[in-house]
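Trainee: Starting off with a structure, shown below.
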Amino acid sequence: MISLRVKVCVSLQVVWMGINIFLFLWFYFFYDLGDQFFYTRKLLGSALAWARAPAAVLNFNCMLILLPVCRNLLSLVRGSFVCCSRTMRKQLDKNLTFHKLVAYMIALMTAVHTIAHLLNLEWLNNSRQGVYDKLSTDLSKLEDTESSTYLNPIRIKDMIPTYFAFTTIAGLTGVIITLALILIITSSMEVIRRSYFEVFWYTHHLFIIFFAGLVFHGAGRIVRSQQSTNPPHNVTFCKDRSDDWGKIPECPIPQFAGGFPQTWMWVIGPMILYLCERCLRFIRYMQTVKYRKIVMRPSKVLELQLVKNGFKMEVGQYVFLNCPAISQLEWHPFTMTSAPEEDFFSVHIRSAGDWTDKLIDLIINQIFFRLGVDGPFGTASEDVFDYEVSMLVGAGIGVTPFASILKSIWYKFKDSDPNLRTRKIYFYWLCRETHAFEWFADLLQVLEKEMEERGLGDFLTYKLYLTGWDQSHATHVMVHFDKETDVITGLKQKTCYGRPIWDKEFEQVCKENPTSAVGTFLCGPEALAKVLEKKCAKYSDIDPRKTKFYFNKENF
């Protein structure tokens, strides 16, 4: 039995794919069987339908591609679902996954569309030169003057096909669109995005050129259909009597016209929404951000405590930061580590690339810099208090959203918040280095003490895993093994070495919470996400009255 959450997720993907398949088939048969394209198919064959069907799918997906990156729009919609099913909100958290999915479809349909039109261009040129049969030649000769009723858009007999591609609106914009798309997709590869983020960032903004070319691409109207005449031109009777066209009443000279450009009607709405999105981001960028505190933590982790008028956040949310001293255009996402109850918001920034390295260097060299903040934006971690039981899994700096959650819990207990629904939290943190624990251990010590004083020692179960160590560290641990507190963190809970045995952990959660909905939240690598998602499915009981696991992952 599949859970409702999985059904909704799958059904949304099926709806999207179903629309793509419907559009492709509808327009394929429209151009392949339509009487008005009989003479056009005589010149182009089945390549006509293979060019136009992908174009329809491209229009649909180009309409969608900008919506998943309208962060403010998504946050607004997500907020409107606060009283609805968590499965509906969860779909919005997969906005970047959907963005990539749509991009793959655009790439595929562009390839099919381009190949089909290259064949069309060759066949149009051959028809114009009389390579094929008499009907194809006569159709290509119709109205050799400047008349707009021609069928073959290649008007010069000895024209080189590449000349046509670079001198017509459709050809030139097609080349520009294709080149822009190739650069956007290749620079979006994981290896480029992680190692050369600036290349990815700047190349991705070629989408402006892509959409500009897209709007004008159909203005050339090179795909032409037969128009009504008086008297009507009977294709069945006249197709074999081209010498009699215009000479007998039954066969007037056929008239042709290009279709009205429609792409702009598909994309104009999303383009306006995205323009409003960028305007809102600019307004937020211009708002003053003040520094409350700057701290360099171990393992080259920078903590910024910031203040901004009118800024309100929820647990687990993230902001985009811009530092004009480094780059005017680059914005990078960071999860906030502060709690909504605090009068400031904070982020922890780990050295992980050129931009973060430059930012940390500015701090080390005590160079003052202005900071732009856009947000906050909602994530899956916002829903942590909607579950009675939550499993929080952080890897390295991926602990940041859970810092916000655990701080907020501390404030809620301190203020005896009656609305706190959560009754149990399991927290797992995986790190490669011992120093990485240091900046977060203070918060855990406070929570540990607070829970004990209130008699709620079982509320928070946390396990810290060190995945990398050397012999000297192992020796040091063995010498101090009998100490009451951990030698690394100073906590009563001893640090574990290696990686969690997830089957054992999930079995324990099931045993301790036999009738609960358990929210499993991850901020970490994709490989770990796949493991946890499988475990959530494996240990979710078929009986709806028993333990159910709901997987949630941070996406940026």
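Using N, Cα and C of the backbone, Cβ positions are placed for all residues, glycine too.
Note that the coordinates shown come from a computational prediction; the quantities given were computed from them, not determined experimentally.
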Trainee: Can you dig out which of the ranges 163-187, 263-287 TrEMBL describes as transmembrane segment?
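Mentor: So the range that TrEMBL calls transmembrane segment is 163-187.
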Trainee: Residue list, the transmembrane segment (163-187) vs rest of chain: Cβ under 8 Å, 6 or more residues beyond ends.
Mentor: 103, 106-107, 110, 114, 117, 121, 125, 153-154, 193, 199-200, 203-204, 206-207, 209-210, 213-214, 216-220, 222
Trainee: Could you give the residue numbers and ranges of same-chain residues that sit at least 6 residues beyond the transmembrane segment (98-119) on either side and whose C-beta is under 8 angstroms from one of its C-beta atoms?
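Mentor: Contacts of the transmembrane segment (98-119) (Cβ under 8 Å, skipping residues fewer than 6 from its ends): 13, 16, 20, 44, 47-48, 50-51, 54-55, 57-58, 61-62, 64-65, 68-69, 174, 177-178, 181, 184-185, 188.
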Trainee: Using a Cβ cut-off of under 8 Å, list the residues of the same chain at least 6 residues beyond the transmembrane segment (51-77) that approach it.
Mentor: 19-20, 23-28, 30-31, 44, 92, 95-96, 98-99, 102-103, 105-106, 109-110, 112-113, 116-117, 120, 207, 211, 214, 223, 262-263, 266-267, 269-271, 273-274, 277, 280-281, 320, 374-378
Trainee: Compute the average pLDDT of the predicted model within the domain 'FAD-binding FR-type' (281-383).
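Mentor: The predicted confidence over the domain 'FAD-binding FR-type' (281-383), as a mean pLDDT, is 85.
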